[in-house]
């Protein structure tokens, strides 16, 4: 078995890293494994555990052979190790022109290039031995049938009994499914919030919808509403499934990693997710259906209820599989969300509710056969109406003057009525209105099952084959027009660096630029710092009585085993914690911290958090423009940023896109961003060398050394420093688990002071060739399994050094208090004005959007395709009753498009906010209100542009009048994007993640859209009429429809005319005119004496007002109200951000 470990010790302290490699060594020996490890900053003890070492220089093999012979090999070649340089660091240094040291007398003969080193090794004795070993191995193993059979048998034995022997997976598919299902249950338990939100959303919607359609009458007046509630019961489950798309993309890298490790097939994750979700969906839909069904008062028979529940549950499961299929088929979230939005539009348009199937243009009718929701809607509709025989609510003519008219001279206007009957059979109504039949119920359910099986099958195929290609290979991208090769100078000789590493060993200086001398003499001190947080079983103390100081010109290391509290202390000192209780004192020169302490310090986080779309130069310029005084000229800022780029070795990567950088250059960018702010008091760094090789670590640490030598105070946590890297530091604060101090003081030349302290207090002597950093961690019992019988914290507390530390801190306080207080340079919280912040942020965000073409193209395609789809579905709708209703639903469906558009922008909004919360807010770069303002401003132009594209594709295609286009564009093309942008961002402002934001938006959208009078006419809203007044969609729909079709004549189609027979001796005009005078409508044959053809509406105003309470004259009022709602939404964005995302209060409590 071969084990490959790529930099697996990253982030571990030296002792824990040693224990990890010792475990690999033990496993290799016992199980006779082949273990290959790439490792950075390996200590000597760790290096000695390896049998062989391979040294790579620019892709060529400079050495491969025994690990214990490598050092001497390169010494004989002509290189010399630096003082106390570990073998691993020495081997890396010889491949770096900036890091190697040539022995005296070898200057003209030593191989310098990668080609020369490879040729030298090839010709060396070790090279010959390596080739001989390879040939011996081949002769013994390659082509040996016995060995081959033995290996094959060994490999087969590792497979489970039922696992296919021909692939790399060691367990069978059923075993994989079981294991991944258990893991999926654990994930759901760990993120129970999403499930609770989903359940509450369904309960909320069930109650709202149930009370809106409360106790529907069995009469024909409730027929339209029954269709609406049944459609909604299916449709809400469908759009709720869209909320899973962000979560599916978030988990994809994990699935890919597991796939590459041959843990399970990627399709297993999709299958397990589907199976585990079935009982959850069943429970949630059961609650929803029970609430909705009995509040509405649908048919009270057991069979009809359970058929309704079965169809709704199955339909929701099928649509979840469909949206998961979409997510699995795309490589980016924006594209998947756009496709999901178009799909929602398709399934809602072609279900048969918004536009009955007979009214769909013939060329598009085939889409209904591909829509699973259509079969679900037919099933629940025919199931409900099968036993319904409703009393006619509207008989023509009736009212004053018609009291004694016989039923023979009246007719029911409801579709499906039969002359002479006062009731309408539900089966006949459904058949004539929708073309549906109860006999198709179980056929339709079978079709839904087929759709479900098909979607799940395609999902499994897409998950299997698209996951592995979901991520591009790591390539550093540069701003358009610039390439790395154009930016790098051609080396004049082999010693000139071709990479961005300028620091040379021994000098501690940069080869290209000098660091500006710091003028500060301020000393930062902390005394008796304690930090306690609440946990499930009480309280836990993470820091316990920690004291120390950081002086200008000194580089102080903060070390300890993993979990000792190093990063925690750094965060506490930098005022970056907002939970728990902190006690103790923190001073600058003995005075309380200035109000702008965070602004006068820099903090380089362990995680390199940057906006991925910016270039390195732009990231540094952004920091400089917002964290340096606004009075500094732009030319000076740019010159200083260029200087920082050179100092950080990033000049060749100045135009590289940050999101595509490697680990080292991202770390350099993080440091550069903080340096660009010119921190005056202190620079905090959290593990700046984590994940870097020794040469990159050396380059960064010598750069920090140079900063310190020029007066900068630096406090830096560090893991696994080599002996020579450890010597770069002046002082050390060493912590053990529990956040307790073990040592604070000078390190001394060759670590003499530090070693003397430990040896004086009972530690074994440190060997001359040992790494003092590893020695002290071993001594205090650091590591996952290491222990010590000595209580080094107690020794420290009783030591003379601890007493002297407190005395030194008090002297610093006394000297500092004799001097003036550290001036608060910023009397406001930020260095620049709010306007400057907003302008700079808006410019950055526009730039980021422009460099995210996937998002913008997805947004545009969604609007274009949506506009054409709605437009041609309702193509050239005539001025008939059905045509007028089609124009209404064309507008209603146009507003549905805001759901996927909002979910798209919410994800981007939250991603940008996360960068602010993690890095930019603690650095006091800008006010959160400026960020929110910029995010609103950058979205609106794009959304207006995209809505304009929709308008052009949609308006004239449906057949609206050209002379009404101006107002409609103003309301839909400009005002509507303002509305959905601001409401989506308002919801995202209080949501912790894109998944929760999507769920909340879907719920709220369903809530407000139900009260606009389309799904449930205003006249039957009852108690909920107040919500009709509150819903912004009421005014949006009224404004759009009233303006688009108001004041026009209605000409009933032949199938819409009602036939009425007048009494003997009367013609149609004399018989119907009194009724028409108060009820409206017209007759087409006024002089006829039989078969009067009556149309219930003469004008569109009658149709709109009688059915939907829409008035043409309200169009300007509606525009004003929608703009008022937009203003309220903007206020809500700021208010909700403040309430949910802005930390309140000060958790720091001083203790004297």
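Each residue, glycine too, has its Cβ placed from N, Cα and C.
What TrEMBL lists as compositional bias 'Polar residues' is 498-511.
According to TrEMBL, the domain 'ABC transporter' annotation covers 524-762.
Positions annotated as region 'Disordered' by TrEMBL: 488-511.
Among the features that TrEMBL reports, transmembrane segment is placed at 196-216 (among others).
Taken from TrEMBL, the feature transmembrane segment applies to 228-249 (among others).
Annotation comment: TrEMBL describes 270-296 (among others) as transmembrane segment.
TrEMBL lists 302-323 (among others) with the feature transmembrane segment. For the transmembrane segment (302-323), the residues of the chain that approach it from at least six positions outside its boundaries are 233-234, 237-238, 240-242, 244-245, 274, 277-278, 281-282, 285-286, 288-289, 293, 340, 343, 347, 372-373, 376, 379-380, 383-384, 386-387, 441, 445, 448-449, 451-452, 455-456, 459, judged by C-beta separation under 8 angstroms.
The feature transmembrane segment is assigned by TrEMBL to 335-355 (among others). Panel annotation: around the transmembrane segment (335-355), residues 227-228, 231, 234-235, 238-239, 242, 245, 249, 319, 322-323, 326-327, 329, 364, 367-368, 371-374, 377-378, 434-436, 854, 858-859, 861-862, 865-866, 869-870, 873-874, 886, 889, 892-893, 896-897, 899-901, 903-904, 907 of the same chain, lying at least six beyond its termini, place a Cβ under 8 Å from a Cβ of the stretch.
What TrEMBL records for 442-463 (among others) is transmembrane segment.
Under the heading transmembrane segment, TrEMBL lists 856-876 (among others).
Sequence-distant contacts of the transmembrane segment (888-910) (same chain, at least 6 residues past either end, Cβ-Cβ under 8 Å): 239, 242-243, 245-246, 333-334, 337-338, 340-342, 344-345, 348-349, 354-355, 852, 855, 858-859, 862-863, 866-867, 870-871, 873-874, 877, 935, 939, 943, 946, 950, 954, 958, 972, 976, 979-981, 983-985, 987-988, 991, 993-994, 997-998, 1001-1002, 1005, 1009, 1012, 1014, 1033, 1036-1037, 1040-1041, 1044-1045, 1104, 1108. According to TrEMBL, the feature transmembrane segment maps to 888-910 (among others).
Taken from TrEMBL, the feature transmembrane segment applies to 931-957 (among others). Sequence-distant contacts of the transmembrane segment (931-957) (same chain, at least 6 residues past either end, Cβ-Cβ under 8 Å): 838, 841-842, 844-846, 849, 856, 859-860, 862-864, 866-868, 870-872, 874-876, 890, 894, 897, 901, 905, 909, 912-913, 916, 965, 968-969, 972-974, 976-978, 980-982, 985, 989, 1130, 1133-1134, 1137.
Annotated transmembrane segment per TrEMBL: 969-988 (among others), in sequence order.
Taken from TrEMBL, the feature transmembrane segment applies to 995-1015 (among others). Outside the transmembrane segment (995-1015), and at least 6 residues removed from its termini, the chain residues within Cβ reach (under 8 Å) are 193-194, 197-198, 201, 204-205, 208-209, 212, 228-229, 231-232, 236, 239-240, 242-247, 888-889, 892, 895-896, 898-899, 902-903, 906-907, 910, 983-984, 987-988, 1021, 1024, 1027-1028, 1030-1034, 1036-1038, 1108-1110.
Here the transmembrane segment (1119-1142) has long-range neighbours at 913, 917, 928-929, 932, 936, 967, 970-971, 975-976, 978-979, 982-983, 985-986, 989-990, 1032, 1035-1036, 1039, meaning same-chain residues at least 6 beyond its ends whose C-beta is under 8 angstroms from one of its own. Annotation source TrEMBL lists transmembrane segment at 1119-1142 (among others).
Away from its own ends, the transmembrane segment (856-876) comes close to residues 332, 334-335, 337-338, 341-342, 345-346, 349-350, 355, 360-361, 364, 849-850, 886-887, 889-890, 893-894, 897, 900-901, 904, 942-943, 945-947, 949-959 of its chain (Cβ-Cβ under 8 Å, at least six residues beyond either end). A Cβ distance under 8 Å defines the sequence-distant neighbours of the transmembrane segment (270-296), meaning residues of its chain 6+ beyond its ends; these are 177, 180-181, 183-185, 188, 195, 198-199, 202-203, 205-207, 209-211, 213-216, 229, 233, 237, 305, 308-309, 312-313, 316-317, 320-321, 324, 328, 456, 459-460, 463.
Model confidence over the domain 'ABC transporter' (524-762) stands at 88, taken as the mean pLDDT rounded to a whole number.
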